Each structure stands twice: as C-alpha cells, then as structure tokens.
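Below is one structure, written out as structure tokens, with a few remarks after it.
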C-alpha cells in the first residue's frame, strides 16, 4: 500500500493535469482577442465583438467555477441505517432496508433490475437523475457529463451556464469567421500588406471556422436534449421507473422543458445567472403507465429554487397523464408558495414528508 504522502502527491498532479484543457482554451481565447482587436483593429466591429466576448467569458467562468450540487442530507444514510445495512449480507435484505428509507423520499427511478439506486461511495440513496462522477468522486444532481474543457461536472447547478457557454462561444467563432473572411480572401489574392497581421488573419480564420463546426454540432445536440428534458446520460441510457424504462419520463413538453433549465423570467434567459427551476433533487414527471404505488389524488409541487426549498415538503408521487397538472398551461412550479400550499403542508401526514435544507 502506497504511503499517504505518495497518494497526496498523485492527487495533486492529477488536479494540475485536469486544468490543462481549461488553460488551453484560455490561451486560445486570449490570443484571439489579441489577433482580432490589436492586429485587425476593425473599429466598426469592436462594439459587437466585445459584447459577445464578455458574455462568452462570463458564461465560461460560471460553468467552470460553479460547484455542482450534491444530494441533500435527507438522502444520506443515518449512522444507525449504515450499521443496519452493514450487518446484512444478503442483497434482498439490504434492498428491504433501502426501500424502507426511500418510501418517504421523492425517488421514482430504479436500476435496470428494479432495485433502489444506492451509491456505495457516498453512502446515500441517489435522487432521480443523480449520478456518481468518478472524476469528482461524488454524486452530482442531474448530472449531464464531466467536461474536461471546463474541469467540472455539468449538472443541475451549471447546466444553464454550460448551454450559454456553447451559445456564446459559437457566436464568438461565427462572428470572427464572418468579419475575418474578407481579409482571408485578400490574403490569398495578395491584397494584404506583408506585415505580422497576415499570420494572425490566416490562423484566426482557420481556428474560428474549425471551432464553429464542432461547437455548432454540440450546441444543436444539447438544444435537442433540453427540448426533450434529457441529460446526456439519459440519452445514452433511458431512466427506469417502477413501471419500466421510459425515455420521455421527465418530458413535460417543449415550453416547460425549456423553462426548467432557463427559468420563467425571460430577462434572465441570456444572462449567466442561475434561474433554473426546482431543487435538483426532485423533478415533475408524467407517467403514462399506471403505477400501483401512486395515490389516486395527486398533490404536491416542485419547489422553485433551492433557497425556497426550506420548510417545504417533497412532492408526493409522479402524476399519471390523465391526472397531470404539469400538462396544463399553468406551470406546475411557482416561485412563491400560495396560502393553499402552506395550509396543505400543515395538514399533511408527517410520515410522508421531510424538510428540505437549502
């Protein structure tokens, strides 16, 4: 077994290596700024360029440095539950314990075998759409993927920022390509003076063009995911509910799917500030097939954001299509609790609710 000093050195080296892709992108962006602003110095385009540049850098910064959200403490096993689970050596007995713990939590997805989704590393019951990241070594709420270009997990906390990063980086590359094209043509027709700017014009055009192609395909793919309300992991492997696999289990229609990521207020959509709906631990669903464990009278709604989740109860059960309030024109979530919700909360069965902490 390697000494603890060697392990810490190894982890330190890995952390340094993980930042290399981010440093590469930062250097490319810094050079593009120098080449465009100081070498080309196209005064007419500089205002638009700087607006796109600032939004691109802002979104990229938010994607990198926004910490992924982890499951709330209600999903972690208590000390007594851990001891009870460790004493059981049979898988079925352990599943009985996990089912007992999960019955009061808003957990509706299962493993392919129908078992409760449990993380041995984090010792917690995984909320819906939550997955363990092997790089971060922790469970990430609504995990999409771990992106080496931002050295961070893309999930519930920063998925909007990641989408804006793709959008503004694509606009940035397209704008440079379009405005640099005339000078690129002059380069090949010997219409440019023989200065240092010739190299920058040539390389800037090729770099922006190539990045535009890759960014466009990635952005279109994630737009499709937003429209379908799926993560990259869910697109590869559909979520499994009690009634079986359902690739559209979390889809509420284009409008609500979009607002779940970008929020209800249009003014915040293009800005890299958090405005996504929900708390990341529970998501509205519409189960088409009947669920024997689902109550006949649907109640509950998703909290609007993490800060508003204090003192709230988790939603009851996912709604069937014939009952779903999520398919009406009125959003199933809101930023402020109504008096009716508060009254219902006070009268609800305490055995079926738990307190959320922000």
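Backbone N, Cα and C define each Cβ position, glycine as well.
Residues or ranges marked as transmembrane segment in TrEMBL: 16-36, 42-61, 161-179, 199-221. Annotated domain 'Palmitoyltransferase DHHC' per TrEMBL: 116-237, in sequence order. Positions annotated as region 'Disordered' by TrEMBL: 292-358. What TrEMBL lists as compositional bias 'Polar residues' is 294-305, 324-337.
Mean model confidence for the domain 'Palmitoyltransferase DHHC' (116-237) is a pLDDT of 92. Sequence-remote contacts of a segment are chain residues at least 6 beyond its ends whose Cβ falls under 8 Å from one of its Cβ atoms, and for the transmembrane segment (16-36) they are 42, 49, 53, 56-57, 60, 64, 135, 148-151, 176, 180, 200-201, 203-204, 207-208. Cβ atoms under 8 Å from those of the transmembrane segment (161-179) belong to residues 32, 36, 42, 45, 48-49, 52-53, 55-56, 59-60, 62-63, 66, 144, 147, 150, 154, 204-205, 208-209, 211-212, 215-216, 218-219, 222-223, 226, 261-262, 270-272, 274 of the same chain, restricted to positions at least 6 beyond its ends.
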